[in-house]
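K.L.:
Below is a structure I'd like to ask you about.
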Amino acid sequence: MNSLVSWQLLLFLCATHFGEPLEKVASVGNSRPTGQQLESLGLLAPGEQSLPCTERKPAATARLSRRGTSLSPPPESSGSPQQPGLSAPHSRQIPAPQGAVLVQREKDLPNYNWNSFGLRFGKREAAPGNHGRSAGRG
């Protein structure tokens, strides 16, 4: 792949990643970049650009501000006083449905052998020096 094609591919991927519509990035009829296309992609030298990036693309900055970077959840209409910026940590635990039967977990999981997939396949034997010390084995 020659350098021109690799640069075009890189610019295409960057432009699509930042939300530019496909019609603005790549025109199907004309595959060679012109001065107008270079200006729309921001490829001109920094002295040649007429507007800074934030002024040229207000839609992209508006999209970013709509996503929100706040750590607290959106305010609820319950009317409870809440300090701004502080929120209760949400539990990732999934609640059990009503009437669900709880399954008892094994407590001696470290005593099992585990395969490379994280599945247990057998109970570990006692250490070689502990032959006479294990009372439960017959």
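Even glycines carry a Cβ here, placed using N, Cα and C.
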K.L.:
Quick check on the record annotations: which of PHE117, PHE121 is tagged phenylalanine amide by Swiss-Prot?
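P.N.:
Annotated as phenylalanine amide in Swiss-Prot: PHE121.
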K.L.:
Could you measure between TYR112 (phosphotyrosine) and PHE121 (phenylalanine amide) for me? Cα positions, answer in whole angstrom.
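P.N.:
Per the Cα atoms, TYR112 (phosphotyrosine) and PHE121 (phenylalanine amide) stand 7 Å apart.
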K.L.:
Which residues of the same chain, at least 6 positions away in sequence, have a Cβ lying under 8 Å from the Cβ of PHE121 (phenylalanine amide)?
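P.N.:
Long-range Cβ contacts: TYR112, ASN113, TRP114, ASN115.
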